[in-house]
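Asks: Okay, these came from TrEMBL:
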type	residues	note
ACT_SITE	K17	active site
ACT_SITE	D145	active site
BINDING	P103, V104, T105, G106, G107, M108, G109, G110, G111, S112, A113	ATP binding site
DOMAIN	75-153	domain 'GHMP kinase N-terminal'
DOMAIN	218-289	domain 'GHMP kinase C-terminal'
Amino acid sequence: MTVATASPVVHARAPGKINVFLKVGALLEDGYHDVAIAYQAVSLYEDVRASHADDFSVVTTGTVDISRVPSDGSNIAIKAARLLARMTGYRGGVHLEIDKHVPVTGGMGGGSADAAATLLACDALWGTQVPREQMLDLAAQLGADVPFALTGGTAIGTGRGDQLSPALAKGQYQWVLALADFGLSTPAVYSELDTHRDRHAQDIFPATVAPTVDSNVLQALRAGDPHMLAETLYNDLQAPALHLQPSLAAVLELGEQNGALAGIVSGSGPTVAFLAADLDSALELQIALSAARLTVVRATGPVHGARLVTS
Ligand code: ATP
């Protein structure tokens, strides 16, 4: 067996995610919202390879458009490595190579997966042996979705989405993802939601009430039944995302006309995730959407969270 810490290059892999349920609470005084999310990790992975260096650097490659990925210290992978070094007193640096397969600014947590994989890779490379609980704390400091990229599977996120509890879940789900050739900024989508809620006072979520995940979602996940889950897919950010990018409505419609059980904007979008009844329907849907000149990938979920890869 290869011992990862002995290797000059440590390879870690972390998954992207789909929010099968996302409820947004009131805008709080600090400018953030409490949310209630049901996360599912899916089989689109980010690969991070870490090697010893005196300072911190990153290069990115991938099968998705990487033009919006920064190569300086604003890359969340560099932030993750620096945070780990600071917290553990490690005095060296790291060179990171990210191989991306999760669409950038796509609402699928690709950057969060990079951060989670980087924490694991650097911890193994540097031999810092940070305990799991502390790793989850560091992850939460980096971003609300980073703890989930570490744990993977199916989980409920509350607070900012970073307070995780595992959800009982059965079965494998078949997803077909329509990727957009544009990004949607998460803050812009939240701000569109706030504007809408301001305009329509009846939609204002009371600040005293924390949002919760609908019990029907939990029941569907426990049953492992895609038909039941399709009925309960829900995303408060879908309407504002559609408002900012009206072309997504036609994508949703096209998927539903071609056999999807249901479609949903993933997180803050613009990726649209379609749930299929089984592998055959997923393949048919993939062909139909590709024929309409959409960029489409298939994924299954749930999958495990960030892990070291030994070869
Ligand atoms: P989420 O679903 O968690 O809201 P997302 O999937 O929509 O996130 P990401 O691709 O994770 O979006 O992040 C996109 C933003 O983060 C872009 O503004 C990009 O410039 C910046 N960024 C920083 N580091 C990375 C990284 N390693 N990969 C992708 N984007 C990064």
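Cβ from N, Cα, C; glycine included.
Predicted automatically and left uncurated, TrEMBL annotations should be read as such.
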Asks: Which residue counts does DSSP yield for the domain 'GHMP kinase C-terminal' (218-289) in the helix, strand and coil classes, in that order?
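Replies: The composition, in the requested order, is 42 helix, 11 strand, 19 coil.
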Asks: As a quick check of your reading of DSSP, tell me how many residues in the domain 'GHMP kinase N-terminal' (75-153) are helical, how many are strand and how many are coil.
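Replies: Split into helix, strand and coil, the domain 'GHMP kinase N-terminal' (75-153) gives 47 helix, 9 strand, 23 coil.
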Asks: Let's check the environment of A113 (ATP binding site): how many other CB atoms sit within 10 Å of its CB?
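Replies: There are 36 such Cβ atoms around A113 (ATP binding site).
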Asks: Using a Cβ cut-off under 8 Å and a sequence separation of 6 or more, which residues in the same chain sit near G107 (ATP binding site)?
Replies: N19, L184, T186, L237, A241, V265, S266, G267, S268, G269, P270, T271
Asks: Among the recorded positions K17, P103, G111, A113, name every one whose Cβ is found under 6 angstroms from ligand 1, counting any of its atoms.
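Replies: Passing the 6 Å Cβ check against ligand 1: G111.
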Asks: Which residue among the recorded positions K17, P103, T105, D145 has the fewest other Cβ atoms within 10 Å of its Cβ, if you could check?
Replies: T105
Asks: G109 (ATP binding site) has how many other Cβ neighbours within 10 Å of its own Cβ?
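Replies: Neighbour count, Cβ to Cβ under the 10 Å cut-off: 31.
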Asks: Including all protein chains displayed, how many Cβ atoms other than that of G111 (ATP binding site) lie within 10 Å of its Cβ?
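Replies: G111 (ATP binding site): 26 neighbouring Cβ atoms within 10 Å.
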Asks: Taking the Cα atoms as reference points, how far is G109 (ATP binding site) from K17 (active site) in Å?
Replies: 6
Asks: Need this for a regression test: recorded positions P103, T105, G111, D145, filtered to those with Cα within 10 Å of K17 (active site). What's left?
Replies: D145
Asks: From the Cα of D145 (active site) across to the Cα of G111 (ATP binding site), what is the distance in angstrom?
Replies: 9
